[in-house]
Amino acid sequence: MLHIGTHGFLWLAALSLIQNVEFCSSAEIPDVPSIATYFGTKTRYEEVKPNLLRDPLTVNTSVLRPPPGDFCTPFHVTAIIRHGSRFPTIKNIRRIHRLSELLQNEASRTSESSTGWLDELRNRWEPWYTEDMDGQLVRKGREDLQFLAQRLATLLPSLLSEENVRKRRIHFVTSSKHRCVSSVEAFQEGLQQHWGCHDSAQGYNHEVDDELMRFFERCRGYVEGVENNHTALLEVEKFKHGEEMQAIVMLERNIPFDLFFPFLALLDLVEAAFFICSYELSIKSIHSPWCFLFDESDAKVLEYSFDLKQFWKRSHGHLISSLSSCPSRNPLIDSLLSTEAGPEPASVLVGHAETLIPLISLLGLYKDQTLPTASNYHSQHGRSFRTSRIIPYAANLLFVLYDCQRGPRLQLLINETPLRFPNFQTEDAPLYRDVRAAYRYLLDGCDFNTECERKPEGRGPNTEL
């Protein structure tokens with residue numbers, strides 16, 4: 001915890017980060033910061049799908065790709081969706097408050113000899129975050145889900161049809177977190193808007209199921225072996241103390257800040273400034289003056305730090321992270337691989353980044369040949385595991401099941417873009433029975449209770465920590 005006013009060098013070092021920033025006039029500021037594609041899980045969906053900035057309802061129907069000669073018709077879709085854009089959680093709001101207090105203290109201290117950079121930042125930015133915001137969905141987040149619903153209804157009109165909307169044949173499941181409940185409600189509103197079902201009586205019910213959408217909280221092997229295990233994120237901690245992160249914090253000034261206060265205290269403030277840039281873009285669609293602290297090189301390093309955390313905490317880094325979403329406790333896979341279709345034409349499940357990442361990993365997606373570590377940043381620029389691209393706000397996994405002449409076929413789309421299953425790199429929509437056979441090990445040998453109730457020993461990383 002930082003105690004403002006008791007560390008004389010702390011505010012001096014923190015504010016030196018901004019000292020030589022050159023601000024542009026408002027007329028010169030582009031709408032989107034140049035670093036907007038590097039915000040990790042705090043990235044806007046539009047950075048992944050930039051065409052939506054011009055038209056949020058634009059749809060490319062060619063993404064549905066069953067074999068043209070097999071006479072296929074979509075007959076079921078399961079959509080697993082992350083909540084939309086949200087306010088910061090209380091932890092990050094408090095970090096922003098600490099940074100704001102440092103800024104104001106420095107402004108008061110130098111009021112008589114204030115420099116241009118400080119005046120610019122102080123005059124163009126005021127803190128507006130309050131603790132009661134704590135992760136709630138913002139208006140932009142509601143629009144994320146409303147527009148997504150309308151695009152999917154255009155893409156799959158027979159499944160998300162007006163009749164199915166009116167007769168409530170679509171199954172909705174959500175996490176209990178308010179941002180997810182608000183997101184599923186916004187998705188339902190989007191369907192009603194698309195088909196003109198504006199009568200409030202057409203409102204949907206939804207099922208709250210944390211065992212399904214927040215399964216990671218109930219997996220003891222994960223909680224003890226990763227979540228509460230300080231060694232599980234060793235690669236992350238190493239990178240935070242590495243030369244790439246130190247270069248950002250110290251701005252290559254060769255100033256030994258660490259002689260005066262803990263290095264991580266300043267890093268915490270640097271990340272807070274980066275988060276302000278991301279939040280103000282995703283919430284207000286504005287180019288925050290805080291963004292000018294970082295160039296593209298800085299943003300890539302910070303993104304890699306975030307990706308390391310997600311990789312080693314939620315993804316391929318530790319086996320238990322993905323095994324916590326095993327079929328017997330996670331119908332997200334069980335419903336897809338154990339039966340050919342549910343009774344509904346569509347299932348819509350709304351959760352978190354922590355819901356989607358383990359599932360993506362269990363399916364073997366975005367698994368690079370070389371795992372990301374603290375020491376191989378410079379060889380990882382072409383990695384496929386980039387959360388900025390995979391898990392932005394409103395990220396979505398779509399499993400489209402087709403009725404075809406040769407038998408059912410299954411296609412996977414991530415963020416409305418086709419992605420081939422790892423064992424089917426020549427087919428967009430392989431035969432359903434072949435997909436089931438390829439993932440048979442999940443059905444026969446991957447059991448939630450077995451994996452999650454084991455002692456943490458033996459549930460370690462895929463590579464030595």
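Heads up, the Cβ atoms here are built off N, Cα and C, so glycines get one too.
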Legend entry - Disulfide-bonded cysteine for CYS404 as listed in TrEMBL, from CYS72, CYS180: CYS72
Legend entry - Inter-residue Cα distance where the pair is CYS72 (disulfide bond) and CYS277 (disulfide bond), in Å: 45
Legend entry - Alpha-carbon distance [CYS291 (disulfide bond); CYS72 (disulfide bond)] in Å: 48
